[in-house]
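Features reported for this protein in Swiss-Prot:
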ACT_SITE  His33  active site, proton donor
BINDING   26-33, 144-147, Val173, 181-184  ATP binding site
BINDING   Gln57, Gln150  (R)-pantoate binding site
BINDING   Gln57  beta-alanine binding site
Amino acid sequence: MKVISSIHELRDQLRGQNRTAFVPTMGNLHEGHLSLMRLARQHGDPVVASIFVNRLQFGPNEDFDKYPRTLQDDIEKLQKENVYVLFAPTERDMYPEPQEYRVLPPDDLGGILEGEFRPGFFTGVCTVVTKLMACVQPRVAVFGKKDYQQLMIVRRMCQQLALPVDIIAAETVRDEDGLALSSRNRYLSADERSEAPELAKTLQRIRESVLGGEHDLGKLEEMARTHLAGRGWAPDYISIRRRANLIAPDAAQLEAGEPLVVVAAAKLGATRLIDNLEI
């Protein structure tokens with residue numbers, strides 16, 4: 001595996017490749033990330049991964065400085081997955097001058113849920129993903145369903161900007177107790193880690209209720225927020241939305257069996273966890 005930080009060198013290395021499969025990450029790789037590499041290999045060759053902690057998608061009071069950076073560990077894991085190139089640029093490589101041009105997602109998708117609680121987050125994501133796509137020029141790129149809203153925004157962005165890349169969705173990988181794998185899980189104390197699976201269990205109960213015929217979604221959402229708050233969580237949102245556009249379904253859509261997803265974000269101690277479950 002070649003480890004490359006220069007955009008120029010990356011383009012030289014990939015020149016002539018027309019089936020590249022790309023997996024962008026921020027590093028601190030876990031089994032969830034590695035499953036993306038394996039899925040990428042099913043859809044293209046060679047597989048290129050990137051590791052870049054993107055300052056543009058962090059707010060002023062978020063965890064950019066303490067976000068775990070484990071490059072040598074990550075390199076060893078990617079080598080075992082037979083990744084062809086790891087693109088690991090420095091901030092100077094990616095942003096040699098102030099990034100004045102940004103890619104702004106529409107408010108109807110980028111300004112809700114995560115976008116409401118993390119202003120500017122999706123602008124940072126869209127900007128860096130567009131730039132990474134321009135550097136790697138993949139045929140396919142793999143994104144995890146764990147970041148459901150991000151997946152939808154990136155897919156729509158590629159369609160609307162006519163980027164010649166297919167976005168492949170990867171299923172969320174979970175620990176045995178149901179907790180969705182995340183680099184931020186390492187922030188949890190032992191007690192918090194024991195409590196953390198309750199978020200997934202709460203979403204599962206919502207799913208079962210909706211499939212069982214409960215159509216009062218507001219009641220389900222409020223009960224879930226109250227339940228988690230009573231266990232020491234601080235929920236940002238728990239919301240049942242249409243999979244197609246993350247808009248809340250109306251009664252007719254519920255009756256017609258509209259495909260739904262319940263999405264959630266909540267703090268446990270100082271750690272903010274997100275999760276979702278398709279219904």
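Any Cβ shown, glycine's included, is placed from N, Cα and C.
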Rounded inter-Cα distance in Å - Ser183 (ATP binding site), His33 (active site, proton donor): 10
Densest Cβ neighbourhood among Met26, Leu29, Val173 (binding-site residues), 10 Å radius: Leu29
Which of Gln57, Gln150, Ser183, the listed binding-site residues, has fewest other Cβ atoms within 10 Å: Ser183
Residue with minimal Cβ packing [other Cβ atoms within 10 Å] among the recorded positions His33, Lys145: Lys145
Three-state secondary structure, which DSSP defines for Ser183 (ATP binding site): helix
List of residues, in chain order, with Cβ under 8 A from that of Gly32 (ATP binding site) and at least 6 apart: Gly144, Lys146, Thr172, Val173, Ala180, Leu181, Ser182
His33 (active site, proton donor) to Met26 (ATP binding site) - Cα separation in whole Å: 10
Gly32 (ATP binding site) in three-state DSSP notation: helix
For Gln57 ((R)-pantoate binding site), the one of Met26, Leu29, Lys145 that lies nearest, given that the binding-site residues are compared by Cα: Met26
